[in-house]
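Asks: Please read through the structure below; I'll follow up with questions.
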Amino acid sequence: MTDVELRVEALSLSGVSAIPPEYVRPEEERADLGDALELARAASDDDATARIPVVDISAFDNDGDGRHACVEAVRAAAEEWGVIHIAGHGLPGDVLGRLRAAGEAFFALPIAEKEAYANDPAAGRLQGYGSKLAANASGKREWEDYLFHLVHPDHLADHSLWPANPPEYVPVSRDFGGRVRTLASKLLAILSLGLGLPEETLERRLRGHELAGVDDDLLLQLKINYYPRCPRPDLAVGVEAHTDVSALSFILHNGVPGLQVHHAGSWVTARPEPGTIVVHVGDALEILTNGRYTSVLHRGLVSRDAVRLSWVVFCEPPPESVLLQPVPELLADGADKPLFAPRTFKQHVQRKLFEKLKDQQDNNAAAASNGMRTK
């Protein structure tokens, strides 16, 4: 089978009415799956449905009550939800429009042309154009293709992985990466103040300012997710339930719904909120705050009639030079014990990967004991 045939886009374009069994989710997951468009319409029509908080952070730039209210609103959302719709983010609409247009133009190219940027996870090359071909802990594949690469700092990026076509892709991605880096600092300041800490605390901890000789910048990884039309959205997912390893994740989309977050024991569909971007709290920030801010469990659904694209920027600490552990000031009164052992970001990623592999082995063993075939 060629690389082109392995892409989910090719499978979708083939006109299949059923999906291969490797994409069919385990039976226990299917009860609340469905078409992303239909679930979003139902959520919008039901005022009683839980709604992800919307916070305008432009008030943070002012003194007085507005600034304090902004900090409190972000704090509450990060503690109770782990996800926020951010308005007043300062990202110009024309930049976001150009970014979306460039990503859509890349994924509109023939698959064979996109293959020039193909990654090779088996060889350790994670960046580039790819599909989630390796089975997850569930033993199933995800209904998505993607483009993934470092977008900031620019001097560390491998620009050979940035598409030359469309020509706009490189300049607008570079511009966007720099702007999100500025936004990340602002949000980390707000989140620090929400904990009663000096506003530079969380960023200093993520960049290693507390360690002698260490002052690395945060790394921003851009992933464009492409979710093709799926004939059976009641059986498949674009991205299975997970938390992000990052400190913060920033999400834009093409207007097609699909994001769901887990809150108060159930899945909540993210409603369209014009003019906002979605921000997730990730594992690294949950560790630093000793669980005060919640790394949100989320997933991506697919649709029978619409293609969904999302642009996700993962804001991460340097992989090995920074030790992630709860901020000491949050433990100072002795009332709280550290919930997380110290680890580097690289160690945390490896730990999550090991746990997934162990889950896969346990699932395989259980299936084998029941006389089922395993992959």
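Glycine is treated like the rest: Cβ placed from N, Cα and C.
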Asks: The Fe cation site in Swiss-Prot lists His242, Asp244. Which one of His159, His209, His263, His298 belongs there according to the record?
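Replies: When Swiss-Prot describes the Fe cation site, the candidate it includes is His298.
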Asks: Measuring Cα to Cα, tell me the gap between His298 (Fe cation binding site) and Arg308 (2-oxoglutarate binding site) in whole angstrom.
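Replies: The Cα atom of His298 (Fe cation binding site) is 16 Å away from the Cα atom of Arg308 (2-oxoglutarate binding site).
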Asks: List the helix, strand and coil residue totals of the domain 'Fe2OG dioxygenase' (218-317) as derived from DSSP.
Replies: 6 helix, 45 strand, 49 coil
Asks: Where Asp244 (Fe cation binding site) and Arg308 (2-oxoglutarate binding site) are concerned, what is their Cα separation in Å, rounded?
Replies: 20
Asks: Take the mean position of the Cβ atoms of His242, Asp244, His298, the recorded Fe cation site. Which other residues of that chain put their Cβ within 8 Å of it?
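Replies: So the extra residues in range turn out to be Val239, Ala241, Thr243, Ser249, His280, Gly282, Ser295, Val296, Leu297, Arg299.
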Asks: Show which residues of the chain containing Arg308 (2-oxoglutarate binding site), separated from it by at least 6 in sequence, have their CB under 8 Å from its CB.
Replies: Ala36, Asn225, Tyr226, Tyr227, Gly238, His253, Asn254, Val256, Pro257, Gly258, Gly300, Val302
Asks: Hey, which of the binding-site residues His242, His298 is the loneliest by Cβ count within 10 Å?
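Replies: Sparsest of the binding-site residues His242, His298 by Cβ contacts within 10 Å: His242.
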Asks: Validating a neighbour-count step here. Other CB atoms within 10 A of the CB of Asp244 (Fe cation binding site): how many?
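Replies: A 10 Å sphere around the Cβ of Asp244 (Fe cation binding site) contains 23 other Cβ atoms.
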